[in-house]
Structure formats: C-alpha cells, structure tokens
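One structure is given here, and the rest of the page talks about it.
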Amino acid sequence: MSDSSLQDQSSQEPRLKVAVLGGGSFGTALASIAADNGARVRQWLRDPQLAEQINREHRNGRYLPDYAINPAVSASVDMAWVLEDAALVLVAIPSKAFRDVVRQALPWINDRQILLTTTKGIQEDGFKLMSQILEEETGSTHIGVLSGPNLASEVADKQLTATVIASDDPLTRSRVQKALGCDYFRVYASNDRYGVELGGALKNIYAIAAGMAAALGMGENTRSMLMTRALAEMSRFAVELGANPMTFLGLAGVGDLIVTCSSKLSRNYRVGYALGEGRTLQEAVDALGQVAEGINTVRLVRDKANREGIYMPLAEGLYQVLFEGASPRGMAKMLMLNEQSSDVEFVLSRQAVSQAHQEGDIHG
Ligand SMILES: NC(=O)c1ccc[n+]([C@@H]2O[C@H](COP(=O)([O-])OP(=O)(O)OC[C@H]3O[C@@H](n4cnc5c(N)ncnc54)[C@H](O)[C@@H]3O)[C@@H](O)[C@H]2O)c1
Ligand SMILES: O=P(O)(O)OC[C@H](O)CO
C-alpha cells in the first residue's frame, strides 16, 4: 500500500468508488492503483473465468500474469454492478470496441460521474478520438484523457511512473490527480485534451517503425533520428488539426514516444520488430495476441494526411511497408534521400528550405 493511501484512509472523506471497464493489462494496473489509494474498485470484463481468477487469486493470468493485484479490486461481467455508485469511470477498451462498450454502459452513466479514456487509438468513422466518443455518447462535461509513458507491466510493478490527465474541466483534472496519484504514479494536469489524446495515438505509428529498425540491426543514431523526426511529424499533424504543439513537449508527446520507441514491452514496437524479422503483418499480429493500435492508426493517419495535404513521410512510408508490400530497407533508403528539409519547422520553415534549393538551382 502506498503512503498516499494511508493519508486518504486517515482523512474522513468517504471512500471513492471507481469503475474500470476493460480487463487488459492497463485497465488492471489502473484498477490496482486506485485500490492502493483506498478506493472501492470494481472492474468489468467479458471473460467470467478471468473475473473469477482476479477475485480469487488477485492475478490477471491472461494479461498481467506476474503481478499481484490489490485484493480490494473486485472483477465482474455484470456492468450494472460494476458501475453502481461509481464516481470515477475509466474506459480501457481497444478503439474498435470502445463505442460498443460505452453504449453498454450508458444505462448506468450519470452526469456527476467523471469519465476517462485510457485508449490510444482512433475510430475510423469520422477520425474520432475516444474522448470524443465518450462526449457524443454520454453528453457529459466531466470527460478526461489519461495518457503518457505508461507501459502497463511497469506500472503494475510499481516502477516510478508519470502520466497526464487532460481535460478542459478543472474538477476532472483535480479529482483524477487525487484518485490516482501516489508514491509510484504521479499525475500531471493538462487542459489540451485533444493534443494529449492525439499524442498517445500517433506515437504508436512510430513505435512500429522503431521496432522494425531495431530488428533490421539499425543503430542508436537511427533510433534517435526516427524519434526526433517522428516528433516533428506528429507536431505538424497536430497543428494542422488544431492541437497545441507545445503539448508534444510533455509526457503524452515526447515522453510516450521515447518509451514506446525503445521498449520491447510495447506491443506496437513488438509488431514492428516481427515485421523487421521478415514476418508478414498477419503473422506479427497473431504472434502478439493483443491489440497493437498503431496498425490501424497508421492507415487512418496516412489517409487523413493525404486528404488534408499534410506532409507525413514516415507515416506514408510505414503504410507502404505494412499494406503495400514495400521493403523496410528500401523504404528507409528512400526516406533518407527524400527532398531536403528543415530540422525544426517552427524555427525554419520547410518552404524556406525548398525555396533556397530552387533559387540555388536557378543560379547554378
Ligand atoms: N497496455 C499498456 O501498456 C497500455 C498503457 C497505456 C495505455 N494503454 C491503452 O489503454 C487501452 C487499454 O489497454 P489494455 O492493455 O488494458 O488492454 P487491451 O487493449 O489489450 O484490451 C483491453 C480489454 O478489452 C477487452 N475487449 C476487447 N474487445 C472487447 C469488446 N468488444 N467488448 C468488451 N471488451 C473487449 C479485452 O478482452 C481486454 O480485456 C489500449 O487502447 C491502450 O492503447 C495501454
Ligand atoms: O503496448 P503499446 O505499444 O500499446 O504501448 C503501451 C503504452 O501506450 C505506452 O505508454
């Protein structure tokens, strides 16, 4: 139990009631944190056997077999029971099923609850982020996004970790900081919900590329170049879509990019690594056995960038490798020989670089 949970218990405040929708590794780790902080936590999942195992052994054998879950977490397949009286609801469900699960929950959602998404993905129809789905389905004003460099197994292992709660509602920010912040999990606040959520979804694309580069034997210079150019590309995309580029300097931007592009614990990195070893996309996905959101995100972002005229050479290159059979090495070479560009576009624009080249050509 963390120090902060002791503080909570010694105060006279009523016990917070938390519901977590999703039985995957991050949902489970977050449920355990909230319980460490003294909350009554109920977790909803589809699989009755897994629910029974969590209740009996305080272990999630499917997603987090090696970690102890706080015994105060109770799991169930009964959505009504899980959401009963919940003041804070966390939705940790892959993007493809997110709206369906929120719809199942609707009868027990009310306008006093705080609703959080932890999902780093995009809905194809309308290019919607998960908090937008929460907003559309519930009409709530207490909506937030939890995102940051948060590999679930490290969180479950109580490695010192930081995350971001992003919401334009100050109450949501402060309540979530209090509910989840403890001596191994620090929660920073942001009011750029869109930027934070976009950062979490976009970095998955580049984690696939980083895994692929590692499997191909490319070195640290390459990884550093990839991450930095990824940050430039993510920020460019975000600015075009109206997010604040400064958000990408924070935990949910560069922070999450670093961890996901560096760790074999990342599912997106692992898919990329398998592709770099020569497996097909289907083989890589089958071997993973879990959802790597970046596969779908690369397609959606590449299509959106093409529609909106946003320059995204890395996303385009990865799309060609994943879905059009391009060779990873050939694509890497092509990107290296791409048109001359600028380092930091907010300092020197790409247009200024290409104009200098055109003028140089004219003057021989
Ligand atoms: N795992 C991590 O390290 C991590 C860290 C930070 C954020 N996230 C994000 O949080 C989200 C949840 O991640 P996770 O690792 O907890 O879980 P996950 O993405 O592996 O899957 C979550 C759960 O959703 C369930 N599920 C899938 N389809 C469903 C459906 N149609 N109906 C009901 N349940 C369904 C699965 O059975 C599983 O219990 C992800 O989208 C991810 O981007 C994950
Ligand atoms: O396992 P991934 O690739 O979905 O990434 C996990 C988290 O998003 C890391 O912050």
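The backbone N, Cα and C atoms fix where each Cβ goes, glycine too.
The feature domain 'Glycerol-3-phosphate dehydrogenase NAD-dependent N-terminal' is assigned by TrEMBL to 17-169. Feature annotation from TrEMBL assigns NAD(+) binding site to Gly22, Gly23, Gly24, Ser25, Phe26, Gly27, Ala152, Arg267. Taken from TrEMBL, the feature NADPH binding site covers Ser25, Phe26, Arg46, Tyr63, Lys120, Ala152, Arg267, Val291, Glu293. What TrEMBL lists as sn-glycerol 3-phosphate binding site is Lys120, Gly148, Lys203, Asp256, Ser266, Arg267, Asn268. Sequence annotations record features per position, and here TrEMBL assigns substrate binding site to Lys120, Arg267, Asn268. Marked as domain 'Glycerol-3-phosphate dehydrogenase NAD-dependent C-terminal' by TrEMBL: 192-331. Residues or ranges marked as active site, proton acceptor in TrEMBL: Lys203.
Here the features listed in TrEMBL are placed on the structure.
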residue	record	DSSP class
Gly22	NAD(+) binding site	coil
Gly27	NAD(+) binding site	helix
Lys120	NADPH binding site	coil
Ala152	NAD(+) binding site	helix
Lys203	sn-glycerol 3-phosphate binding site	helix
Asp256	sn-glycerol 3-phosphate binding site	helix
Ser266	sn-glycerol 3-phosphate binding site	coil
Glu293	NADPH binding site	helix
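Between the alpha carbons (Cα) of Arg46 (NADPH binding site) and Lys203 (sn-glycerol 3-phosphate binding site) lies a span of roughly 28 Å. Using a 10 angstroms CA-CA radius around Ser266 (sn-glycerol 3-phosphate binding site), the binding-site residues that qualify from Gly23, Ser25, Ala152 are Ala152.
Of all the binding-site residues listed here (Asp256, Glu293), the one with the fewest other CB atoms within 10 A of its own CB is Glu293. Least crowded of the binding-site residues (Gly22, Gly23, Gly24, Gly148), judged by neighbouring Cβ atoms within 10 Å of its own Cβ: Gly24. With Ser25, Phe26, Arg46, Tyr63, Lys120, Ala152, Arg267, Val291, Glu293 listed as the residues that bind NADPH, the site has a largest C-alpha separation of 21 Å.
Mean per-residue pLDDT, taken over the domain 'Glycerol-3-phosphate dehydrogenase NAD-dependent N-terminal' (17-169), amounts to 98. Taking CA atoms as the reference points, Arg267 (NAD(+) binding site) and Asp256 (sn-glycerol 3-phosphate binding site) are 13 Å apart. Same-chain residues at least 6 positions away in sequence with a Cβ under 8 Å from that of Phe26 (NAD(+) binding site) are, in sequence order, Ala92, Thr118, Asn150, Ala152, Val155. Per the record's binding annotation for substrate, residues Lys120, Arg267, Asn268 show a top Cα-Cα distance of 12 Å. Look at the Cβ of each of the binding-site residues Arg46, Lys120, Arg267 and count the other Cβ atoms within 10 Å; the largest number goes with Lys120.
Under 6 Å, Cβ to nearest atom of ligand 2: this is the test, and of the binding-site residues Phe26, Gly27, Ser266, Asn268 it is passed by Ser266, Asn268.
The CA atom of Lys120 (NADPH binding site) is located 9 Å away from the CA atom of Lys203 (sn-glycerol 3-phosphate binding site).
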